[in-house]
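If you look up TrEMBL, you'll see 63-81, 93-114, 135-162, 233-251, 260-280, 309-330, 342-367, 387-413, 442-467, 473-496, 517-536, 556-576 marked as transmembrane segment. Taken from TrEMBL, the feature Na(+) binding site covers GLY69, ALA71, VAL72, ASN76, SER316, ASN348, LEU413, ASP416, SER417. The annotation disulfide bond is assigned in TrEMBL to CYS174-CYS183.
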Amino acid sequence: HCKSFCHKLSSVAPLKQFNVEKKEVELILVKEQNGVQYTNTSVVASPSSQDEVRETWGKKIDFLLSVIGFAVDLANVWRFPYLCYKNGGGAFLIPYVLFLFIAGMPLFYMELALGQYNKEGAATVWKICPIFKGVGYTVIIIALYVGFYYNVIIAWSLYYLFSSLTSELPWHKCNNPWNSPNCTEPQHINGTFLGNRTSYAKYKNTPAAEFYEREVLHIHESKGINDLGLPRWELALCLILVVFILFFSLWKGVKSSGKVVYVTATMPYIVLFVLLIRGITLPGAMNGIRAYLHIDLKKLNDPQVWIDAATQIFFSLGAGFGVLIAFASYNKFDNNCYRDAILTSTINCITSFFSGFAIFSVLGYMAHQHQVNIKDVATEGAGLVFIIYPEAISTLPGSTFFAIVFFIMLLTLGIDSSMGGMEAVITGLSDDFKFLKRHRKLFTFTVVFGTFLIALLCITNGGIFVLTLLDAYAAGTSILFGVLIEAIGVSWFYGVDRFSEDIERMMGFKPGIYWRLCWKFVSPAFLLVVVIASIVTSGDLRYDNYIFPRWSNMVGWSIALSSMLFVPIYAIYKLLIIPGTFKERIAYAITPEHEHHLVTEGNVRQFKVRQC
């Protein structure tokens, strides 16, 4: 090692006289370590060649905020607090924290290290084990699918934000053109009024519920997924604005997106703090917080609680969408991604827990106002952030101000997560197809405009049914499957020992036995269980009382399979195009590209038994 390293240094030293920038020299060393040999003449001939020099983040904080902004999304606010409450309060934190340490953090760390060492997007990073390149395409396709409907939720937030710019919020009372004859003012609704028919959270005739379903969605004008109608122009304008924000945030690569996250990643924390301070001063707030933190250890006997904790930690951290690999690929080679992984994944989980206080203090207030139990107002998803919370805000003094800051928070939570998904697609494909990299602005526009066209289906009268279908199938079982294959590819085919050596080259120390055991055994086992659980627990799709027709479930599974099939199809394709005997084909397919000369010599590292 010492001799080869000294040789590399001596070959790079003469470059000083040509004033080659320090980062370019650093990249030359990186590329050599990855097996791409450069001669002095080839580098000196084009010291400013952009093909060889990958751009990096302007500052370290740009990268950290981008990762935090991507990982901290709407689910931290609208899903985790309710899951925690439903699954035993404080007791839910036991499986949640356990899965964070044995699977969440190791996968997060693995993706950051993989992207940073190889300086490639989600597809071309598989030069480390070519047969697995299909999984790169799988996660890129999934990230694209998510963009189809996730941007629509951001557009809803924007619509609500514009609707909040009035002295009286439009969902405060019933006297609006969109209200039904059955609309009931909230002050008339209490436990006696509701009886045993339904919970307050599911009651559809409050002004807030009718604003969401009849004014924003126009769901009352659709019979189901086979009756969509035309896109609504108000939401289309909001969607166009979202697409423009995304385009101008991404068009210059990490140099532009790294600055946008200074606002989008920090704003949610400021707003959450403001909402928490206001929330805990409301009557009934402490009852809500007590319900949120109430510890019920008996719930841990229910397997569903463990499944909820596993899926929540996985989707919350955002491993597997190709985003972390893309972001890390723009890091400096010697960046401490180990520390970054621990820091950002911890901040993400603390944010989820902290947001619960802001949510449940207000839910406690709602329960107090309507004289019902917390369980009658507690809900998750769109119902929480577009119905229950806005209704609570509308009853407060200064309601316009709190509505504006709340929807700005939703907007920023969504924008930087969507930016991450788009960056995964753009980086992943432009690293694979170099002509796309040369025309980044045009390619970025094509990607965001393409998502806009598909998203138009989600802003029709029946658009919520399309959105529900995509949300259930586009990034459910398929993303879990993708990360399972990714973990197996890195740990078992590329090898934990070799991966650890890569990390040592970057940071000067090898990962401890804990991380290596998690990568090799615990994380793949965890993912396998979660994949099986997601398949077993997937029943017929429904939205409230509407049950989707059987054909729509088949369409859903087709969408899921359309991304997953890239794994076997590419593996077969790779084996067919490689010349030689079957054993030689396998050897070439599972050996890093820069070691193919070893296969020719019959020295295949993967065919040898090694310990982790």
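In case you wondered, yes, glycine gets a Cβ from its N, Cα and C as well.
Caution: TrEMBL annotation is automatic and unverified by curators.
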Integer Å value for the Cα distance linking CYS174 (disulfide bond) with GLY69 (Na(+) binding site) is 37
Residues of the same chain, at least six outside the transmembrane segment (63-81), with any C-beta under 8 angstroms of its C-beta? 57, 112, 153, 254, 257-258, 261-262, 264-266, 268, 272, 292, 312, 315-318, 323-324, 327-328, 330-331, 335, 340, 343-345, 347-348, 351-353, 355-356, 359-360, 380-382, 384-385, 409-410, 413-414, 416-417, 419-421
Who are the chain neighbours of the transmembrane segment (517-536) in space, where the CB to CB distance is under 8 Å and they lie at least 6 residues beyond its ends? 99, 102-103, 106-107, 110, 307, 310-311, 314, 476-477, 480-481, 483-484, 487-488, 490-492, 496, 499, 612
Using a 10 Å cut-off, grab the number of neighbouring Cβ atoms around the Cβ of SER316 (Na(+) binding site), all chains included. 23
Given the cut-off of 8 Å on Cβ pairs that are 6 or more apart in sequence, determine whether the transmembrane segment (260-280) and the transmembrane segment (342-367) share at least 3 such pairs. yes
For the transmembrane segment (342-367), what are the same-chain contacts with Cβ under 8 Å, counting residues 6+ beyond its ends? 64, 67-68, 71-72, 76-77, 80-82, 84-85, 93, 96-97, 100, 104-105, 108-109, 200, 268-269, 272, 275-276, 279-280, 282-292, 313, 316-317, 373-374, 376-378, 384, 388-389, 391-393
With a cut-off of 8 Å between Cβ atoms, can you find at least three pairs linking the transmembrane segment (135-162) to the transmembrane segment (93-114)? Only pairs 6 or more residues apart in sequence count. no
Counting only residues outside GLY69, ALA71, VAL72, ASN76, SER316, ASN348, LEU413, ASP416, SER417 in the same chain, those with C-beta within 8 angstroms of the Na(+) site's C-beta centroid are ILE68, PHE70, ASP73, ALA75, ALA265, PRO268, GLY318, THR351
The transmembrane segment (442-467) versus listed stretches 233-251, 309-330, 387-413, 473-496: most Cβ pairs under 8 Å: 233-251
Candidate nearest CYS183 (disulfide bond) in space, where candidates are the binding-site residues GLY69, VAL72, SER316, LEU413 and distance is Cα-Cα: LEU413
Which ones in the same chain are close to VAL72 (Na(+) binding site), with CB under 8 Å and 6+ residues apart in sequence? ALA265, PRO268, ILE347, ASN348, THR351, LEU413, SER417
Cβ atoms within 10 Å, counted per site: which of CYS174, CYS183, LEU413 has the most, among these recorded positions? LEU413
